[in-house]
Amino acid sequence: MAGWRGSRSRPGGGSPRAERIPSSRTIQLGHVQPQAPGHRTVFCNDREANVNAKFKGNSISTTKYNVLTFLPKGLFEQFRRVANSYFLMISLLSCTPVSPVSPITNVVPLSMVLFVSLVKEAYEDWKRLQNDKAINNSSIEVLQDRRWESIPWKKLQVGDVVRVRQDAFFPADLLFLASSNSDGVCYTETANLDGETNLKIRKALERTWDYVTSEKASEFNGEVQCEQPNNSLYTFTGNLIIEKQTLPLSPNQILLRGCSLRNTEYIVGTVMMNSMNVPSKRSTLEKKLDKVIVSLFLILFCMCLIGSMGGAIWINLKDYYLQLGKKDSTNTPQFDPNNRFAVFALGIFTLITLYSPIIPISLYVSVEMIKFIQSTQFINNDLHMYHTETNTPALARTSNINEELGQVEYIFSDKTGTLTRNLMEFFKCSIGGESYGTGITEIEMGGAQRNGKNIGEVRNSSIAIREKGFNFDDARLMHGAWRNEPYPDMCKEFFRCLAICHTVLPEGEESPEKIQYQAASPDEAALVTAAKRFGFFFFRRTPTMIYVRESHVEKMGKVRDVSYEILNVLEFNSTRKRQSVICRYPDGRLVLYCKGADTVIYERLTSGNNDLRNTTREHMEQYGAAGLRTLCLAYKDLSLDMYESWNEKFIQAKSSLRDREKKLDEVAELIERDLNLIGCTAIEDKLQEGVPSCIETLSRAGIKIWVLTGDKMETAINIAYACKLINNDMKQFIISSETAAIREVENKGDQVELERFIKDAVKTELKKCHEEAQNYLQSASGPKLALLIDGKCLMYALDPSLRRMLLSLSMSCSSVVTRLVRKGAQRITLSIGDGANDVGMIQAAHVGVGISGLEGMQAVMASDFAIAQFRFLTDLLLVHGRWSYLRICKVVTYFFYKNLTFSLTQFWFTFETGYSGQRFYDDWFQSLYNVLFTALPVIIFGLLEKDVSASLSKKYPELYKEGIRNAYFKWRVLGILAFFSVYQSIVVYNFVLTSSSRGVTSSGKMLGLWDVSTMAFTCLVITVNLRLLMMCNTITRWHHISVGGSILLWFIFIFVYSYISTNKGIFYVIYVLTSTLYFYITLLLVPVVALLGDFLYQGIQRWFFPYDYQIVQEVHRHEPDGSSAGLLEIGNQLTPDEARSYAFAQLPQEKSKHTGFAFDSPGYESFFASQQGVKAPQKAWDVVRRASMRSKPKKPQTS
Amino acid sequence: MNSNAPSSSSGATGSADSSGPRRNSKRPKYSRFTQQELPACKPILTPRWVISAFMLVSIVFIPIGLASLFASRDVVEIIDRYETDCIPQALRNDKVKYIQGPEDKTCNRTLRVPKHMKQPIYVYYQLDNFYQNHRRYVKSRSDKQLKDPKSENDVSSCKPEDTTPGSNQIVPCGLIAWSMFNDTYSFSRNSEQLPLNKKGISWKSDRQHKFGKKVFPKNFQNGTLIGGAHLNSSIPLSEQEDLIVWMRTAALPTFRKLYGKIEVDLQANEIIQVQLKNYYNTYSFNGKKKLVLSTTSWLGGKNDFIGIAYLSVGGLCFVLAMAFTIIYLVKPRRLGDPSYLSWNRNP
């Protein structure tokens, strides 16, 4: 939804429907107020009226240009780059007489660069256009002339009435008018937007239910006043004005573009909003590139200053052969010895044009090309990142920020759909102190693997009952076998508790195979499904009854339907952390079933039976450590008297108007005591494949991972355990707003006081954590740190006064679990998510990664990279990112080096020419140096350079830290390069000039300026190209071809060029040169001497101060490039430190901190509230409420 | 009718694909390029490599250095600086006035041959502090005009020496030609004239292609200010070799230019008389003038630089190779020692 963009308010006037205009304004107190730009008015079913408003069409356009604007806009974009506009300026300057070089020197490279850039832009834009077309041309039924006409999406206009069929996508944000369901309800799946697969209910206003058929719908003419398009998914304010009646609209009536219709034959809606766009990002390296360029500017400026000052001092009349004193029109002030200031000032311009190649003009375009190929050829085509199940390859949506992938320090990850599959599966349980379920979670597998055991293959061999929500495998409980277990009664209670104590709604046919459970939380559905599998099939719910088909209860194989009367439901909420149902058996037995967090249940157990308590707790700890979500189950038999007296209080509390929640809680406390423990359940929140090992690898790479989740603290902690983000070995800092103290203040109800209190609490907490963290950091081998903070606290912690502390604390933690975060550190951040709720995060981070594949496209549309699975991050970051970073850095520094070297030779020459700014090289040498003679090798290098192979990159994730530290692009690195380029330029310049000052052939002839400069240029081209070869860690055929080719190209060029340019000094020089022995001798000497320094440096550096990658290279120097071998290999080497910590983690723990309670259930309050006849705010996701309102049975909606 | 086309918009697979059979698999095609698995050699700069590279350089360079140094030492060179000596003692306090004055500029010099000089002996003049590479100077010529009689009017680049005050085009135009060196030398041995061959002192390509056979000097040195030599207007430019040599501008402010060849051997300790006409004004800018007689070797003139450079680089490489060997022995580092990895160094 992010980025819906609407039109501005209408200009008004001159319309055929002028009489309508006033209604579009807000009239207050008798005077007309102009319509606020924050609102829009839509006339439904009335295209003419909407014409005035000039709403945007429904076609989306992600293109940057069209045919007309391409050239001006594209050029403008190009000239926004410092280097390009600089060269434009230089080109203009070189047309004036101050220039020592002809305009071609600068115009040629500039136009080549612009040409290449524009071609690339055009190509990318064309691809975007194709994409847009595909979307814009999908068809939709629109009401036209009382009939449904099929038109493409792009023709859709605001105000149109459309009909959307089942499973189709909504083409725009719609106002829901009517549905094929008679009660004006439809189901939507918002997976595209927020990644959640459970269905959401939308309900039309009663007033509009009738507009189902085309005849009726064409009579509809309402007027919608609503907010402007925005990126908020869950809020909406607006009014529908229909026949002078104003009806308030809520999110319940809004169908968002991109969602799809489910379980409903069709709906009718009217279009309200449309169109979107996506912002683009610029990489920080590119910003740093600008810094490099600015520093080159400074060098350039200094060089110019020195040169022109020298010129002003040097200039004199004595050199009569220059005729400087001649007073005529020809003598520009540039060489007027009487006006030294002019000499100085104009000299600066002269020298700027002369030294202009110091700014690497082709840098941007080369880097762009490299990145473009990297993303289109390498990332998009990587088989390691191809997900076969969903048939999804990786997709790089921008090529701007590839190298940022190599520097990511913080990952912000969405939980649902990204780390987890949003699939809850009943996995294990403990009944009466006996643990059931033989499954092994990924975490346990990882642990076992590290211990050297291989248990990966044995699972799921015997009974393969797999169903959504059920992944349990233990013959002792299945098919009535529980009757033979030590505590069959306990089992019975356990199953009944599962089957009764919930708020699930069955749908569809009442058979175990076909039934569909609609639950507000997948946890509950999983529990009920489990009960079904155990033979307690819950198949029907009425507001007061629950029907369960029980098998094997009286004796094996016997099946009977039992109806339980639900007397009371004690709701679940985050303070209670438990849920109870009081039911009456058909035989009159009154039982309270309760499920909830172990902490709250244990407080309320009857005394005695400590064995059961302890074993159950042990089991829960085991489950928790395995990353499972646990729930404690308990029951209590009630006597009728006791119940009756309690129920009176309950009804009283239920109908009280003030502090109802609190009173209900209090009443519940009265009955939820002296419970009998049955056991516990363990649900696996199914992780995406390979998540734990991926996270582990990433954290070894020095990446800090923040998981952002909308869940409660317990769930968050649990999932963090599950994906190995934190373990018991870590020091956890928990900052939660749900403490007793805060709750107490909360209950007082004073908002100001509350705010102050929480802030103080957070502050003290933070301070405490911070100090502690510092202590841990100072000790040598302290544990890793983890921070857990909940949204409310974070809100306060982000307060400017506390933000700094939070930041420094969180930076010292290696993992942070939090519910909400706004902006990270100064470092490179990456956000990964799959739904539209992550869009903001994805766009805010430096690098946005969307999960593509099964679910939505919103996140993908907003992202920079799309991958099918979280685990592909390893490849994306450690392999592609690292290489990209390495390559781009080296390419940039190489550009820096080669241009500096080139310009410096020119600079040294300036001193010998009386500072006149005479060019050393021919115009064409200078213009083609960057774009021809040194261009291709560096691009090949930028594409193919690898320091270590892909499998080694993943085996040694620590190598990634070099990117985080930005080790390849520091000023120090540039400084060393600058030093060597000064050295090389001196060698090239002086050696050539000194050696050529005598006769160079046996025939005694002398070389002229152009001979010498050609000689020097030849040496320079060879040196610079060989220097590139020395940088390579990988040398392929293409390196040889490009380096050899570039040098060859130079020779071909000079042989042709010096042959044809008879009117220039350059004529024939190369033939003269090659006819001398001197040429070859110098050609051997100069590059070798020039490169000697680099070679020595590299030798010493590698030997004494090796980089990590160099060691890794050496370790694996004898191995072939294990491409296919490394396909599945992810390193599992343990450092001694890790091994020790793991050993500790494996020890039986006396009092585990973590038992894995987690339960999500947003829909309770309103459901039960309405059951008791009390109005509660209607919520969109209220599935259960929807069910209870269904008056008469309908035919199944699923077809 | 109902379309789920939007799923294609993401460019990734949407529900449309997952429902249908896998006809159009998006599995990327394998190629060594896209999988970045091109065959490659991965050079590792091991100490052995470093040492052998240094050794190789020194092995190659030292012989070349020795050879070119010997060649250079074989060259016999006589240098005679004469710009001050050729001014009568009395007039030395205002040299410029002397050189611009009408006095006879003849000057006799005697040179002693230090060693046997094999013919051909090349005669050079050397100027110091003369900026033939000044921007204003370098561009003040018209190559077109020099080559083609039809382009006589192409003098725009020749400013300020493009036309006479009467607006007649100067051929050859420009500051370079105008300021041509005009000292003359003639040599005699034991009162016997040594013939000076002035043919073939310029590069052949210049004579044949850059200076026209049908281009004759015109309006040359007619102005008030005389820069240097006069040219015989009946000889085409292609045969004016002094001009051709002069027009190939030097790279540095100190330069030599070939004047002629003496095609007889000179014996050691022979005395050579030089009669020179000291016309050229280097006094304004304190330029030096030197007369150089030199033989050549296979490498050209006397040029110790290349030999020394080769030798010293070769020697340096040898020293470095030795130093590295010693360091390698004293403080070896096992190749691929994991304890050098940064994350192993600081636990």
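Even glycines carry a Cβ here, placed using N, Cα and C.
Residues A:891-909 are the range that TrEMBL records as transmembrane segment, among A:74-92, A:891-909. In summary, the transmembrane segment (A:924-944) lies against the transmembrane segment (A:1041-1060): three or more C-beta pairs, each 6 or more positions apart in sequence, are under 8 Å. Counting only same-chain residues 6+ beyond the ends of the transmembrane segment (A:292-315), those with a CB under 8 A from a CB of the stretch are 82-83, 86, 324, 335-337, 340-341, 343-348, 350-352, 355-356, 358-360, 892, 896, 899-900, 903, 907, 910-911, 914-917, 974. Where the transmembrane segment (A:1066-1092) meets the stretches A:341-365, A:891-909, A:971-992, the count of C-beta pairs under 8 angstroms peaks at A:971-992.
Residue counts for the domain 'P-type ATPase N-terminal' (A:42-106) under DSSP, split into helix (H, G, I), strand (E, B) and coil, are 30 helix, 2 strand, 33 coil.
Look at A:Asp414 (ATP binding site): DSSP puts it in a strand. Of all the Cβ atoms in the protein chains shown, 25 others lie within 10 Å of the Cβ of A:Arg629 (ATP binding site).
Secondary structure from DSSP puts A:Phe572 (ATP binding site) in coil.
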